[in-house]
Amino acid sequence: MGVTSAPLKSPVGSPAVPYESVQTIWEARPRKYKSILFQVCIFILMMELAERLSYFGINQGLKNFMQKIGWSLVSASALKSTWTSICYLTPLFGAYLADERWGRFRTILTFGIWYCVGDFLVAIAAYPTIMNNSAVVNPIFIIGLFVGIGIGTGCIKSSVITLGADQFDPHDPSEVHQKETYFSYFYFCINVCSGVSYGYLSILCVDGSAQIPAEYGYFATYMICACVMALAVVMFCVGYPRYVFQPPNDRSISMLCRLVWANAHETRKGLVLLLSMCSFLGALIVNVIAAFTVEKGNTGNILSYVAGVLVLAGVVCWVYIGQDQSFLDVSKSSMGGTFDDERVEGYKKLVRVLPYAAFTIIWNCAYDQTDANFQSITQQCDLRLDTSDPDSSQIPGAMLGVFDPGHPRMQYLD
């Protein structure tokens, strides 16, 4: 008996519809590269390398430089720590722009240029003739440091690593393996730049070199940081044709804000969560004001205590909220809310780690002292290479920070 084919179950006379495969952004790349890590992500790693060298290069000598241009030790410590906090808060703004508005490439490029302007302003402020003019140096320095670098570094920080991760096709086993290696290289770049900054630039800014007089040390150090950053921005643009780009369709941050606001009107814990966010924001604003008024009688001290109380209140609220996340369930669409159930479950996982986040706030308060008061303490110690020789060279206090990036590198050897 012959074999007959089954009749097609489609309307008679209907045209055949050809199957069209959907091309992914990785398949649509104009050129295929054998090594995404070294032929594509190398430009992104260069941006991270330069940004970290610039950040650590300026950070390591910041307190001493501020004292040279007229700030007291107390003011320098306060401003240095406040600047650091801004650098680590602005990534939220950068993530919002990258994920919801501009995309990662545009965000990195825009704030990379912004960062460069801040670097060059700080370098100009370190030029010896300008350093001696307090009416000129302080506005240039503060604008370059807080507005330029403080905002620029944060907005770059949250996008560079994710743009690099976007370059690897998750469906290609070879690229998945390269992606894992990429993260190792990324953090290796951070530690290398930290080591160079604290190991070499800390000496250059204080003692100069054979070709650079000591009075030009800070200018040379900060100009190196600015030029390296400018070169990295150029190289980042050179790699543009090789990149793939994820569209800015994620609405996680704005949706989280809407969820918190809506939940605050429904539950007590939701209100506590909103108040904790307001408490941290208020602490930042008060702390910035306190940092610039620390020398004006008791005003700065009182504001510092207020900022500390606000932070402590926010920490306690986060620990309390993180114990039970079920209060967010009222926002689920299945419970009569206006938010997708799956999205709410994702935010519940975020709320669950708030106690850990609260711990990191306290931990970072202590960790920041390695660049703040610890540096001041070491500079009151005898750091001569040869304590028996009164004229022996003395190690700059900032140079001891080289042991911080050195520890993770030693762990890689285990």
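Each residue, glycine too, has its Cβ placed from N, Cα and C.
Database features, via TrEMBL:
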- 36-58: transmembrane segment (TRANSMEM)
- 70-96: transmembrane segment (TRANSMEM)
- 108-128: transmembrane segment (TRANSMEM)
- 140-165: transmembrane segment (TRANSMEM)
- 185-206: transmembrane segment (TRANSMEM)
- 218-241: transmembrane segment (TRANSMEM)
- 271-290: transmembrane segment (TRANSMEM)
- 302-321: transmembrane segment (TRANSMEM)
> Excluding the flanking five residues on each side, which residues at least 6 beyond the ends of the transmembrane segment (70-96) place their CB within less than 8 Å of a CB in that stretch?
Replying inline: 55, 59, 62-63, 107, 111, 134, 138, 145-146, 149-151, 153-159, 253-254, 284, 287-288, 290-292, 294-295, 300, 304, 364, 368, 371-373, 376
> Residues sitting near the transmembrane segment (218-241): Cβ under 8 Å, six or more positions beyond its termini, same chain?
Replying inline: 30, 40, 42-44, 46-47, 49-51, 53-54, 57-58, 61, 65, 68, 105, 108-109, 112-113, 115-116, 119-120, 122-123, 126-128, 131, 201, 204-205, 208-209, 212
> In terms of Cβ proximity under 8 Å, which residues at least six beyond the ends of the transmembrane segment (36-58) contact it?
Replying inline: 87, 108, 112, 115, 119, 122, 145, 149, 153, 156-157, 160-161, 163-164, 167-168, 175, 178, 181-182, 185-186, 189-190, 192-194, 196-198, 201, 221-222, 224-226, 228-229, 231-233, 235-236, 238-239, 242-243
>> Which sequence-distant residues neighbour the transmembrane segment (140-165)? Criterion: at least 6 residues beyond either end, Cβ under 8 Å.
In response: 41, 44-45, 47-48, 51, 54-55, 58, 62, 66, 69, 83, 86-95, 97-98, 104-105, 107-108, 110-112, 114-122, 124-125, 130, 179, 182-183, 186, 243
